[in-house]
Every structure is written in C-alpha cells, then in structure tokens.
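Notes for the one structure printed next.
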Amino acid sequence: MADKSKFIDYIDDALEKSKETTLSQLFLTYQGIPYPVTMCTQETFRALDAFEARSDDVLLASYPKCGSNWILHIVSELIFAVSKKKYACPEFPVLECGDAEKYQRMKLFPSPRILTTHLHYDKLPQSIFKNKAKILVIFRNPKDTAVSFFHFHNDVPDIPSYASWDEFFRQFIKGQVSWGSYFDFAINWNKHIDDENVKFILYEDLKENLVVGIKQISEFLGFSLTDEQIETISTQSTFLAMRANSQETHGAIGPFLFRKGEVGDWKRLFNETQNQEMDERFKECLAGTSLGDKLKYEAYCLA
C-alpha cells in the first residue's frame, strides 16, 4: 500500500481540514458529481486528464466503502510474493485525491504502480485504456455500502456528521454524498464488465471464500503463486487481521476504515420504507444487467 507515513499524513491533513467544514460546505462539484473538498480540488481533476498510465499499472476501482483498502492490501501482498519487494507508494493512492503536481511526481515511481479510484469509468484518464492497464473493480451490495458510509461519517472524529441515519439515507439515495450516486457509478461500470483487462470482484465473495478470491485476482494479474503462498496472503488479509493492524497501517482512522465488514449489517438500520425504496432503485437501475446478477441482490439485500 502507500508509504505509511505519507498515507497517515495525508489523512491527518484531510481530517484537520474537516474540523472547520460543515456538511453544507463539504462538496465541490466537478462534471456533475460531488466530491469532498477536504480531499479533491478542481485543479487536480483538470491535471488528471494528462496523467500517463503504464501498461503494468494496476487500477483498483470502487465506490466508497466497498473494500478498496482491503483490495489494496491484497494486491500489495501479491506483488510482494512475486517480486520479494514490499510495495510502498510514496503518494496517497487514490488517483483523484491530492495536489495537482502529484502526477508529475508519479512518473518517477517504480513499476508496477497500484492506483485506486472512486471515479466512474468514463471519468478516468484515457491513457489507462490506451496503455491497457489492468483494472480490478470491487463492488459491495448497496445496503451494506450505505450503512458503512453512514458510520464512517458519524464515527470518525472531525468528519462532518449527519443528524440521523434517515437524513444520510435520503442523501445517499439522491446521490448527494461524496463521489455521488452508488447507482450511477454501478450503471457506468456495468457497461464495461466484459471489457478486456477489466475484472469485477464482489466484496461478499471475498468474505465467503478469501482464498478463492485471492487466487482469481492473482490469475487476472498474471501472477503464478503456489497454493501455500495464496494461503499465507489469505491469512494476512482476513478482515479481522486487517482490523487488528489498522492503526499501524492507517493511523488513527484505521479502526474506522475496518469497522465491522459484516454482510447484512444493513438490517440494523434500514426500516421497511427504506428497504422498499432501495429495492425499487436497484430494480430500476441494475435488474437484469450483468452487474445486477453478479451482486446477488436477492441473497444479500432482501430481508
């Protein structure tokens, strides 16, 4: 993952900015999507268009709170198993976050580079597709995603909080949260589910069988690992192991990034009306699509 000190420094700086930021001041809008002003700038987005990807870059794409830090750890461990070199990115790994000069600095980083993003497919720099970088896309069911996002806002000190779960749910459904609508993100990425160099991973599948998931990721990236190596990485990458080490790897925010990781945690907060509204939105946006089928909505989201 990113160099520990760089990651922690960046997060600490973002949290410091958040202290004086209210919910009404939290967002900047770029090309119709809201982003957190504590992490993103218009200048960085404009500079991103000229980012030069490499063919051996690995891009990890996800909507917020769908497991991006988990996948980043897994891919870092896979690279270590192959190269015997600990992966350490000198920048905060989220591609669209940071200052506008970061992309010049990234030209000096050794390969392979691991990049993460919460952007829609069509908001990414064209060089990613031109140079055929590999893209891992991780999805999580929308109900657990919403609940995890709510707890992140309301549990982390200094981040603007919502008055209630009901208030957050209304904003989530409308797409008025950081990085916008879950469903717009899903619709956009669904168009590319069968693209070359793109692989979709389900958070719930990793929870059910981490060894199989890691093996699939390894094969997609073209790595040849033994079963023993896969087992070792799996042991180091369980949610409990990640949570136990979270303060060391991610600083004070670590325990909030790895809060529970449960499948079905949404049942503690969703009321019947909210269930119906989310079910209708899923049906309207994703029912019958390849991604909709992959999400196994009936298994994970119907009470």
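Counting begins at 1 with the first residue displayed.
Backbone N, Cα and C define each Cβ position, glycine as well.
Swiss-Prot annotations:
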type: ACT_SITE; residues: HIS118; note: active site, proton acceptor
type: BINDING; residues: 65-70, ARG140, SER148, TYR203, 237-242, 259-261; note: 3'-phosphoadenylyl sulfate binding site
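Taking the features listed in Swiss-Prot, we show where each one sits on the structure.
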residue: LYS65; record: 3'-phosphoadenylyl sulfate binding site; contacts (Cβ under 8 Å, 6+ apart): ARG140, THR145, SER148, PHE149, PHE152
residue: SER68; record: 3'-phosphoadenylyl sulfate binding site; contacts (Cβ under 8 Å, 6+ apart): LEU60, SER62, THR116, HIS118, ILE138
residue: SER237; record: 3'-phosphoadenylyl sulfate binding site; contacts (Cβ under 8 Å, 6+ apart): TRP70, HIS73, ILE74, GLU77, LEU210, ILE214
residue: LEU240; record: 3'-phosphoadenylyl sulfate binding site; contacts (Cβ under 8 Å, 6+ apart): none
Helix, strand or coil at LEU240 (3'-phosphoadenylyl sulfate binding site) [DSSP, three-state]: helix
